[in-house]
Every structure is written in C-alpha cells, then in structure tokens.
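J.: My structure is below; once you've seen it, I'll send some questions.
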Amino acid sequence: MAVAELYTQYNRVWIPDPEEVWKSAEIAKDYRVGDKVLRLLLEDGTELDYSVNPESLPPLRNPDILVGENDLTALSYLHEPAVLHNLRIRFAESKLIYTYSGIILVAMNPYKQLPIYGDAIIHAYSGQNMGDMDPHIFAVAEEAYKQMARNNRNQSIIVSGESGAGKTVSARYAMRYFATVSKSGSNAHVEDKVLASNPITEAVGNAKTTRNDNSSRFGKYTEISFDEQNQIIGANMSTYLLEKSRVVFQSENERNYHIFYQLCASAQQSEFKHLKLGSAEEFNYTRMGGNTVIEGVNDRAEMVETQKTFTLLGFKEDFQMDVFKILAAILHLGNVQITAVGNERSSVSEDDSHLKVFCELLGLESGRVAQWLCNRKIVTSSETVVKPMTRPQAVNARDALAKKIYAHLFDFIVERINQALQFSGKQHTFIGVLDIYGFETFDVNSFEQFCINYANEKLQQQFNMHVFKLEQEEYMKEDIPWTLIDFYDNQPVIDLIEAKMGILELLDEECLLPHGTDENWLQKLYNNFVNRNPLFEKPRMSNTSFVIQHFADKVEYKCEGFLEKNRDTVYDMLVEILRASKFHLCANFFQENPTPPSPFGSMITVKSAKQVIKPNSKHFRTTVGSKFRSSLYLLMETLNATTPHYVRCIKPNDEKLPFEFDSKRIVQQLRACGVLETIRISAQSYPSRWTYIEFYSRYGILMTKQELSFSDKKEVCKVVLHRLIQDSNQYQFGKTKIFFRAGQVAYLEKLRLDKLRQSCVMVQKHMRGWLQRKKFLRERRAALIIQQYFRGQQTVRKAITAVALKEAWAAIIIQKHCRGYLVRSLYQLIRMATITMQAYSRGFLARRRYRKMLEEHKAVILQKYARAWLARRRFQSIRRFVLNIQLTYRVQRLQKKLEDQNKENHGLVEKLTSLAALRAGDVEKIQKLEAELEKAATHRRNYEEKGKRYRDAVEEKLAKLQKHNSELETQKEQIQLKLQEKTEELKEKMDNLTKQLFDDVQKEERQRMLLEKSFELKTQDYEKQIQSLKEEIKALKDEKMQLQHLVEGEHVTSDGLKAEVARLSKQVKTISEFEKEIELLQAQKIDVEKHVQSQKREMREKMSEITKQLLESYDIEDVRSRLSVEDLEHLNEDGELWFAYEGLKKATRVLESHFQSQKDCYEKEIEALNFKVVHLSQEINHLQKLFREENDINESIRHEVTRLTSENMMIPDFKQQISELEKQKQDLEIRLNEQAEKMKGKLEELSNQLHRSQEEEGTQRKALEAQNEIHTKEKEKLIDKIQEMQEASDHLKKQFETESEVKCNFRQEASRLTLENRDLEEELDMKDRVIKKLQDQVKTLSKTIGKANDVHSSSGPKEYLGMLQYKREDEAKLIQNLILDLKPRGVVVNMIPGLPAHILFMCVRYADSLNDANMLKSLMNSTINGIKQVVKEHLEDFEMLSFWLSNTCHFLNCLKQYSGEEEFMKHNSPQQNKNCLNNFDLSEYRQILSDVAIRIYHQFIIIMEKNIQPIIVPGMLEYESLQGISGLKPTGFRKRSSSIDDTDGYTMTSVLQQLSYFYTTMCQNGLDPELVRQAVKQLFFLIGAVTLNSLFLRKDMCSCRKGMQIRCNISYLEEWLKDKNLQNSLAKETLEPLSQAAWLLQVKKTTDSDAKEIYERCTSLSAVQIIKILNSYTPIDDFEKRVTPSFVRKVQALLNSREDSSQLMLDTKYLFQVTFPFTPSPHALEMIQIPSSFKLGFLNRL
C-alpha cells in the first residue's frame, strides 16, 4: 500500500501552527504523486493550499475511534501531533489527568483537588491488572506491588518532571498506596511512620519557587521494605543534591525552606520564646524573595503538623527543640551585621544582638565568632598568617557557614528518620520510589542545573534501555521475528560529563588548585571540547558560558560560581569554633570522622544488571560533584537491579490554572522527559496490537461470506489481512495478537468506513427506490380505478333499457332463492351431523365418568375396611401390652414395700422401748439447764450495769472532744486570717507555693473532721453494743417462755398423730375393696373373651363380603392398577398395609391363631393375680397389727420429741451468743488499732509535707514561721488526742477482760451441754427417720390403692412441661455437643428452625423453675461464650455463620417471647403463656445476645461480600448478556508481562447462582425472613457500588451499548428478586444509582432539553459522578457522537444547585443498620423432640 493512497478526500491531517503547535485540517481533494500542493479545509471553514513534497507529507490524523485512548502507543499514527491531541482530549475535555505511553504513566497536574485518591479508589485498583482500569498512579503502584509479590523481585517507581508538575504528590500517593494495601494488624504503625516521613522532608527540603509553591529542592529515593508476607516492615531514605544556596539566597517571589517560616509563625508561643525569633520579615534569609506568605497556607498550622509527625516518628521534644535551635541560629546568623573597615577589612560588633543569640543558641564564644567571621588563617610551611577579609568575602564566609550548618542538619534529620524507620527483621524485597528533579533550563543555569541535567541523562539512558528490553520481551513472547530498532543513545553526552578528562574531572582538578578560578576552568573546557565534541559548543557572544546538547534540548551554563559551589568549603577556624561548641548536636556536625549512618541492620545486596563504568578514583575527591557522581552511580546500580516503573509528571501551564492546556509548554516537556522517544521507538516496530477476537469483531464487516463461514477465527483473520494488506511486512501474527505497523489500523479503519459509507449509499439507494416505486404504484392504481369507474358509468348510460332492467331484476330474484335453498340444505345436513356426534360423544364421556366414579367408590370402601382392621389390631395389641406391664409392675412394688415395712417395724419397736427408758434421765437434765439459765440471767444483769458505767465514760469523753473541736475551729479561723495576710504580701511568683500550703491546711482540717466522725461512730457503736446486750438478755427470757409453750403445744401434736393413725386405719379398710376389684378383673376377663369371639365372627363375615364383591367385579391386579399414586403413598405411611391387602384371604386364619394366643395369656395372668391376692390379704392382716402397736406407743414418742427439741433450741442460742460477743470484741480491737495506725500515718504525712514545704520555701522560710508554729501546735494536739484515744482503748480492753470471764463460763457450760446433747441429737434423728419412713409407707399404700382402682382405665399420653432436666456437671457436655461440635450440614434439613436455640431455652426454663440463680447464670454465660467460640473458629464458614446467626436470633426471640412481658406475649397461645419464666429477669442477657448477633451478622455479611465481590465486575460489567451487541471497543493496550489475565470467565449466571446459594443456605438454616431481606439488600448494594465504581474507573466501559448490557443485567437481578419474593426488601432501590448510570449512557446528550432531563432523572448520582460519566463517555462506532464540552458545562451548571457529596466513589464498606425483628416461635416447647444425632441423651424431658 502506497502512502499516497491514504491522502484522499475526507481524511484529516495535522499542519504546524505557531500558537497551538499543531492544528487539524481535512483533505478537500485527493492527493496524487507529483502534486506540489495539498488542498485542505481548515476547521473554521477556510480552504488552504498547503505546499508539500513526497518526502514531507503532513502527518495523518487518527480515526475518531482511537482518539482519547488510555495508551498513546495504541494510536495508529504515532507522532507528536497525535500524542498532543490525545492528551488534550483526555485532559481538557474528559478531565482525565493520567495517560499511559507504553510503560510510562503520563501525569498532568490539574491544579485542582480531585476525588480520585480515596481509600475506595485504592481498594478498586488493588488486585487489578494494569490496563484493565483507567490509567492511575495507583495502577502503577499495584503493578509494582504485584510484580514484587509474584516474582520476588525488587521494584522501583521513578517519578520525574519539572518543578510544579506534581512529582512530590505522585510519589506520596504511591507510598500511601503501598501503606494501605500491605497494612497488617501487628505492624500498622510502621506504615504510618513511613507516610509521616513525607511532611518532615517537605518542611526541611521544599520551598516556594516561581513555578511551584511546594517545590522539592532535593532528590529523594525511598526504599520501602517488605517481609515474606509482603507487608511493610520499614523504610530507608536517600537524598541527593540539596539546594543549599536557597538558605542564603532566594530569587524574587520565592521563599526559603518552609521550616523557617513555620518557625517564625510560631515564634510567640511559649515553647519557642527562648529562640528570640520574630516574623519572617525581620530576617534576611527569609525576606529576600519579597513574599513571605503562600496563599492558602497557614504556616502556624503547618508547624503543628510538623511537630505531630516528629512525635509520630518517635522524636522526643528535646530532640525537636534542638533542631529548632539550630534553625533559629541560622536565621540569627543571617542578621549578623558585617561592616566594612576601609577597602581591605571588615568587622563584626561583639554587641550585635543577633550574634549573641546565635552564640547563645549554639554554645559558642561570641568574641571568637566575631573575629573569625572577618578574618581567615593561612597556614604555610614556615608560618601562620591571619588575613583580614573584605566585607563581601566576610558575607560569603557567613553564608557558607549557614549553608554548611543547614546541610548537616538536613542530613542529620534524614538519618534520624531512617533510624526511626529501621526494622529488626530480615528484608525480603523492597519497592523504591524515586522523586527526582526533571530536566531544567532557565535564563541563567548554574552548577545545580548542570547536576540535575546530568542525573536526567543517566536516567534517560536507563529508561531507553528498559523500553528496548520490554519491546524485545513482547516480541519473543508472541514469537514475532525480532528486528533491530534504532533508538537514541545518550552515552556520548554522559561521557562528555563524567568520562576521564570530562567536564566534572576538569572541574575537580581546578578546585584542587589554590588559585583556581571559574575562568581558567572554562578555558580548559574550550581547549578540550570546542570543535572536537559536537555536543559541546561555545556561545558566540559570551566568554563566560558554554552550551551542552542534552537529550532534551540545548542548555547554556554560566561558569560563574561553579568552583565555589563544587568546593563547598568553610574556613577552618569557623569549623574549629563550631567543633568546640557546648551544644552537643552542633559539635557533632563538624567532627572530623563522623560515624556514617547505618539505616538498616540487614540490607539486600543489589547487583547491576549491566556493568557500569565506575568513576575514576585516582585522587580522593570531596567535592560536591564527585560526591554527587558517586551517589548517582549507586542509585543507578540500585535501579538496574530492580524492575523500573516510570511516571512522567507534566505541567500543563505556567499560570497554575485548573485544566488549562498550554500546547507549547507540554510539547517542550514531552520532548524532554522521553515520552516522545517512547513513541518513536514504538512507531519503528509494531505499535498497534489487537487480539484476534477484537480484530474479528471489529472488521467482520470487511470479510466475505466465504471467509465468515470458516470456523477458525484466527485463520479467518489471517486470510482477511492477506487480502486487504498486500505488504506482509506491515503486520505480524503472534500467538494471541496481531501486530500492526504505524498507520495500518488507520488504513483498516478507512476501509471499514468506506465499506460502511458504500453500504449506507446502497441502503439509501434501495430505500429511496422502494419509496418512489411505492408512490408510483399507488398513484397508478388510483388512476386505473378512476378510469374504471368513469368508463363503466359511460357504458351503463349507453346500454340501459326497460327490458334489460326487468331481466336483470328477475335474474337477481332467481339467484336469491337458489342460493338460499343451497345454503339451507347444507346447514341442515351439518346440523344433523353435529347433533349426532354430540350425542355419541356425551354418552361416551358420561359412561367413562360413571365407571371411574364406581371404581373410586369401591377402592375407598376397600381402603376403609383394611385400614380399620389394621388400626384395631394395632390398638388391641398395644392395650394388652400396657395392661400387662402395669399389673406386673404394681404387684411387684406392693410386695417389695410390704417386706421393707415389716423389717422396719421390728426395729422401730426395739428403739421405742429404749427411748422410754432414757426419758427419766432427760427430765433431770432439763431441770439442771433451767438452773443454769437463772445464773445466766444474773450475769446479764451484771453486764447491763457495766454497760451503763461505760456509757457514762463515753459521754464524758465525747464532751471533751466537742470542747477540743471548738478550740480547733478557733485555731482554724486564726490560721485562715494569717494566710490571707501573707498572700497579700507575697509576689506573683509565689502564688503556687501559697496555694499548696493552703491546700495542706485544708487537708489537715479534713483529717480532723474525719477523726471527729470516727469518734462519733465509735460512741454510736458502743451504744449499739450495749443495746444489743440488753436485747439478748431479753431474748433469753423470751426463749424460756417459748420452751414452756412448746411443751404445751406438743400435746396438740400428739392429738394430730392420733388422727393420722385413724386415717391410716381407714386406708387399711380399703384393702378389702382392692380384693373386690380383683374379682371384677376376673369378670372382665370373661367379657373380653366373649367380645373377642364376637369380633371374630364379625371379621369373618366382613371379609367374606369384601372378597365376594372383589371377585364379582374386579380382580386384585385391576384394583392395584386403578389405585392412584397418592393412595399408594398413604398406604405406605401406615406401614405394611399393602402386604395386608394382598393377604386378605389369609386374614381369617391369622386372627384365629392370634386370639387363641391372647386367650392363653389372659388365663395365665388371672392365675397369677389369684395367687397375689391371697398373699396381699396376709400382708394386710400383718399391717393392721403393726398399726395397733404404733397407736399404743405414739403418745410416749411425742413427749420424747418435745423434750429433745426444746434442748436443741437452747444450745445453739448459747453458742451463737458467745460467738457474737467474741466477734464484737475482735472487731473493736481491730478498729482501734486501725485508727491508731491511720492517725500515726497521717501525722507522719503531715510532718513530711511540712518538711518538704520548708525545703521548697527557701527565702520565704521566715515569712512562714508563724504558720509552721501553728502546724506544730496542731500536731501536738493531735498527738494528745491520739493518746486519749489509746487510753480509751485501754479502758475498753479492761472492760472486755471482764466480759471474757463471763465468756469462759459460757464456753464451759456450752461444752458440757454439747457433750450431753450429742447423744440426744443422734437419738432424735433416728426417731425422725423412723417416723418419716412410716409416713412414706402410708403414702405409698394410699397411692397403690388409688392406682389399683384405675387398673382398667387406659393410661393417656404423658403431659410434658416444656423443660429439659440436666445436671450441673453436664453443662459442659451440653455446650460441647449442642454448640461446639454440632455440624449444621445435613442436620438442618430434618429439624425445625432454631432447634438448638429451643433446646437451650428449655434448659434455661429448667434452671428458672429451680430458682437457682447460679445455675442459670452459668448456663447463660456458657451458651454465649460457646456461640462466640464457634463463630471465632469458623469465621470463614458461611454456612456455620448463617446457622448460628439463625439460632442466636431464635434464642433471643425465645427469651423475649417467654419473658412475661405483655408486648412479647400478644401472639402466644395459653399453653405458651404458662411456659413463661417465673423467677428471673434475663433482659440483660438479651442485650448481650443482641450484641453477639450483630457481630455474627457483620462477619456473615463480610464473608458473603468476600465470596461475591470477585465475580461482580466480570459478571455485571464485562459480560455481555445481550449477544450481538458488543459493549467494548478494542483498546490495543499493551499489558506488562506480569499482567496476566486472572479472570475465570464469570458471567451474569455466576452472580445469580452465588446469590441463590446464599439465599438457599439462609432459608435452610431458618434465618428470619426479615434478616434475609436485610442481607440481600446489603448484597445488592455491594453489587451496585462495585459495578458503579468500576464503571467510573474504566473509560472503555462508558458507552451506549455497555449501558444496554448493564440495564439487561439489572433486569436479571430484579427478576431474581421477584422469583424469591423479595420485592419488599428495598434491594432494588440500592441498584438505583447503577440504573441511572446505565440510563445516562444510553440517553441522548446534545440539546438543552437533554441536559435538563439528565438533571431531573439522575437524582441518585452526585454531580461529580454525573460529570465523570459524561467526560468518560466513549463512542464505539463512528456514527456515535462524543459528548461535547459545552454540553458537559450545561449539565454542570444545572447541577451546581445541588448540595450533595463531592466523593466520586461509593463506599463499598458501608453497612446498613441491622435490626433483629421479634418473631414469636410457633412451636410448642412440649412437642419438641431431640434428635439422637445431637448426642444429648443426658437430658430428660419434664
């Protein structure tokens, strides 16, 4: 294909323009070879004849489909105007600041805050392949992080660009991305420290320049270290070429480093006052630029932020203050006035205030500093000479000193930051972020620009090699033949600078000479390079500068200052003075052999991928140039050992206007930063790369029918390309892609557009022809009709007569009758046939329906009798079995109890006789006890008298204390008056001390009041003790009276026993009735036999009738076939009915044998009952004798019981009184000792406080002597008071000694009584047990007699209480089996929802019924802890979380339903209301369970989101549900080799299947429907948010067709909601933003009405989101129109009235508030069964 073929009519080209660099024009006439001009049509409508020649045709413009591409290398035509136009479209119109250029990310500074850097954006880019999302700094960071994690290879991100282009911000965002995606729970503070290092380095290394308000004046390479888990463990920072000259000089409208202005803004704060600073306008070093304020920046607030970051990194306040001291000293040094003394000398006054502050801050001697600022010492071999300096020389020396100090301080801060970021573990990999200055050229370029451009040459060389390498890797991967690509190698420029005898070496050589000058060095350059090296030039009009042809552009450097800046020397005497500084930090800066910083304990050794020539080390060089070359060599060695990623920051305009595109400035930067070089390298190879599928779908329109019939699409693509492009060198076929040379895609687009244009013409031709033909035929037909009617009318008028009219009328009459006859005959025939068919069909249907009804009726009769017979047989067998068991069990119990009763009665008689003998001795003992009680009464009276005396003594002491209290109050008033007088005399500085002393006095007063209160409490305690003694004496008297009443009451109880014996005798009489019941049993046996025989006869008759009926009409097989499936299933449910039906003929024989066996069993049972009746009659006679004997001795037993109980009641009272007296004595002694110790401790504290106050007062001691004397007096009084208290305590001890004697008597008496009473207690216990056994036997007899009366009544089903009985020791087993070990899978299908919860609540009811608080509390705590544990162990198990969320909610609902509260009992049944808790309120546990349920729900949602999130974007956004409507356009983006496609081919069906799985699992586990709706709503919100966020970040998805696909997928989700009956879950509403976004992509976007409709319809989208979608809208085909910037502005103007969020992304982590509805359980607790699989056999239903 010839190039000239592309220059045809309607194609567009680019022509140069002085204002816009390039402007577009359309070819108005086809170009032919040999034409001298090209007829063009400009955009303003004017025509232009553009001069051309075949070798320099204007560059062609790319098709519109390729305009706005994410990657510049994806453009078909790769040249400067195409790149510039693509950037303009993306930046100025689409507001997209990032664009790829191969492996470079081009970042345009928007000069505006954009909402594209939040955590939601970071999470959206995390895990994505580079190229899947829109270009972003986060995409580059993710690519570096992914390659590091996947390949275990170190990475580097190289950020470069002009000052003000956004390098620092881009590097900061990259570091923030790493800190966010690699954050771990254990080392979360490390990421914060890494990010905190940025504000500090910006404060001390950034400054305001004419181009940038926050320009980095140094290079920085930050290595972020990762461990094997790819988590940040530390960092290390390296800096390059700090601009030290800025410390002492700033150009107009520039500032010094930020930290100086922050310090001056905070000068008035108390912590900075000692620095003696003022405003920034007062210091020479900060006011030189003329503007000390940056608009919109608060330096004081920035200072606070800087201090916070210092603290976050672990820098203490002392360290921070040392740094601020040095900074303040630099400012004061700049203000030191140097005056000229003649022409040869200068001087500094020692009284200079700034000099004094400088020396004071740094700990220097002001005299020496003043001397050596104006003099220098020259040391020769023979002597030392002090040479004075002129004023300019002295000023330079002062400034050199300031620069040196600041450089050392900057290095020291970086070193300390590295120490704060160092780590102890082993570094596995690292990612380096290089923030370095880009290529610079100014009106005056000096040594700094030379070093910067030298560094950029090295980086550009490394960049070119890397691009070349990646191209080669791509070709090898696709098996494309490799062809050599010519690219620019800037090694000659590097050699010019760093080679032997290069510019740097000549500069160092000149610096070594004592009299070296800039002019001599420049002359050497002229001699060595002019006319010898084409890259070095000498300006024509200057002898003080030189020109170097750099990669980016030519730069002219002024030689002035090169030597001075390269030497960077400070005079020795000034260094010696600083080295001897008393300020330790300053002295360390100037030590001769400083220890080099060791940032890391263990660093990875990096090796260069390419052998780099090391710098010449012939001489030891300490110049700035040699140091910079060495550090640059190490940097390049590190970068070569890593995988680089490039970010080129572009400054769109110099006025800092938002989204303003200055073409000239941008082209200049694109040329300088290597973007166009990347384009040029790509253009020489195969820049356009499309997959086979993309090519097939895009250019299928160019294929023939035969080619489309091939099944192999890859082969079809090859055939088509061979046909369309004859030159096979213009494309290559790879494994997965087709590679095109520059212009070939545009050529294919031209062919496609021509084909579409031809097709449109063809369609239009046929459509217009069809319309014209249709119109012609319609007109022709109308003309013919008109002619027909006209001609007919004329013919009729000519031929009409009267005869003709008659004949015509007669013919019509004949026709009418004839046609009527024929129609009637046909109708009658059809009607008869129809009636006959209806009769036969209706008869047939009626007979068939009758037969069916008859069959069903007979089948029902058969089923009725069969089921009745089987039911009766089952009932009778169960009834007989139950009766036999009941009779056998009851008879055995009666026999056993009668035998036990006989044995116990014999022993009882013997014991009663022995008790009668002991009765006489007990009476004597009672009399002795009465005598002792009288003695105890006398002792009580003595105690009462002693108590009165003690009370009088206490009252006297109380009066003394009150008197002493009044004295203390008067002293207190005097002390207060004196203190007030003293405070008026003291100065302001002693306010704190006087306040402290006043507080001490108040403490003493409070202590005194506490002592008084303690005395009052003591007296009250003593009075209470006396009163208690009186009450005890009175109680003893009352007890004596009660004993007498008990003796009288015992007679009454004996009468009760007599009545009980009478009742028992009546019960004995009922035994005779039991014999009568046995006789009735025999009679019933005879009746049963008769009934059985009658049943036999009836069954035989019925069976014969049934068999006869069956044999007459049907056979058995016919009945079996006619039974429906439901009948068969119903038969199977009753068990073995089908087999019974088949054996109806044998039923008679089976029944006969069965009834015969029953008859034999009944006869045997009756014989056994007769034997038992005889035995029972004998036992009853024996019992009657025993009852008579018991009646005789009952009276004596009751008297004995009365006596023993009276003795037992007295002895414990004596014991209790004695023990209480002992406890009171011990308590009194302990309290007195404690009070004495407290008073001593307080006195010691008072003395210590006084002693401390005396030491602190110092000079104020004399003024406060009066107060101390008052304190000593109070101390003495307190000591006296303590002594009085001790005397009182001694007195009390004496009183207690007398009481102790009484207690001894009580103890002796108690011991004697206990010995005597022990035997009596044992005897009494024995008698009580005997009586209890007799009573139990009587009760059991009465129960057995009652049961015997009901022996024939059928026992009904057992009624349960809805509780589960368990033992305390089984609680752990219950929790283990029911909660921890329970596996829901396979169990939930066969049980009621929330069965474990119901079981737990039934256990709670049991504990509540016992009124056991400890048991209930233990069960609830164990249950809650068990649920927490099982959830913690299965945090990733969705089914387990769903199961226990359901059970927790059911358990919570049970606690509410059965709590007894009316609001929860509305829907309960009466039986459920009976099951409510009776004793405890568990509302607190309900709150705890609610909190547990909320935590489970949140984890439950997290797991669902984690499972569904990976399939949302592939299924909702990328999958094309509407086949044939492709929503994507081929991008041709060239991914990195590591960007492997990890998608698993998810579709919309995958999303629906995952949702169905979640829904089914929740329903199976019995989750409340309301909770299911809330969970579905949360999932749908996530689906909508993730899809919408991805749409915002993928420009290729913003098209009309993709909007249709999204709308289709949303309809699938809505249909799913409808199928699951979840329309009311509000889930559909959460998809409203996504629905509106899909609508916005499809709607028309041209007119004002369209803008208004968008404003009114898109209410769920914010203004930022709407504008983002409009700016990102990308047409797929040429017939679609782009959204014009004017339309976007119209919409934005309408949206300005909204007050909504400025955030672009939706928060995918947002959780709706969960509510747990109260749903009462419909299941009755009494009916709940426990499956055996639960292993809860130790629980018993009650």
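Residue 1 is the first one shown; counting continues down the chain.
Using the three backbone atoms N, Cα and C, a Cβ is placed for every residue, glycine included.
The following feature annotations were taken from Swiss-Prot:
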MOD_RES   A2  N-acetylalanine
DOMAIN    8-62  domain 'Myosin N-terminal SH3-like'
DOMAIN    67-753  domain 'Myosin motor'
BINDING   G161, E162, S163, G164, A165, G166, K167, T168  ATP binding site
REGION    632-654  region 'Actin-binding'
DOMAIN    756-779  domain 'IQ 1'
DOMAIN    780-806  domain 'IQ 2'
DOMAIN    807-829  domain 'IQ 3'
DOMAIN    830-854  domain 'IQ 4'
DOMAIN    855-884  domain 'IQ 5'
DOMAIN    1421-1697  domain 'Dilute'
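What's the neighbourhood like for each of these?
T.: Under DSSP, A165 (ATP binding site) is assigned to coil, being neither helix nor strand in the three-state scheme.
Mean model confidence of the region 'Actin-binding' (632-654) amounts to 90 (pLDDT, 0 to 100 scale).
Secondary structure of the domain 'IQ 4' (830-854) per DSSP, as helix, strand and coil residue counts: 25 helix, 0 strand, 0 coil.
Counted with DSSP, the domain 'IQ 5' (855-884) comes out as 30 helix, 0 strand, 0 coil.
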J.: When you average the Cβ positions of G161, E162, S163, G164, A165, G166, K167, T168 for the ATP site, which other residues in that chain have a Cβ within 8 Å of that mean position?
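T.: Neighbours found: N109, N212, S215, S216, G438, C649, K651.
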J.: Are the domain 'Dilute' (1421-1697) and the domain 'Myosin motor' (67-753) close enough to be called in contact, which here means at least 3 C-beta pairs under 8 A that are separated by 6 or more residues?
T.: yes
J.: Taking the Cβ of G161 (ATP binding site) as centre, how many other Cβ atoms lie within 10 Å?
T.: 25
J.: Only counting partners 6 or more residues apart, tell me which same-chain residues put their Cβ under 8 Å from the Cβ of S163 (ATP binding site).
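T.: Spatial neighbours, sequence-distant, of S163 (ATP binding site): T209, R211, N212, S215, S216, Y437, G438, E440.
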J.: Starting from the Cβ of G164 (ATP binding site), draw a 10 Å sphere and report how many other Cβ atoms land inside it.
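T.: For G164 (ATP binding site), the count of other Cβ atoms within 10 Å is 21.
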J.: Run through the Cβ atoms and count how many others sit within 10 Å of the one on A165 (ATP binding site).
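T.: Excluding its own Cβ, A165 (ATP binding site) sees 25 Cβ atoms within 10 Å.
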J.: In the domain 'IQ 1' (756-779), how many residues does DSSP assign to helix, to strand and to coil?
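T.: Per DSSP, the residues of the domain 'IQ 1' (756-779) fall into 24 helix, 0 strand, 0 coil.
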J.: Around G166 (ATP binding site), which residues of its chain at least 6 apart sit with Cβ under 8 Å of its Cβ?
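T.: Expected: A107, N109, C649, K651.
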J.: Counting only residues 6+ apart in the same chain, whose Cβ is under 8 Å from the Cβ of K167 (ATP binding site)?
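T.: Non-local contacts for K167 (ATP binding site): V159, S160, G161, S216, D435, I436, Y437, G438, C649.
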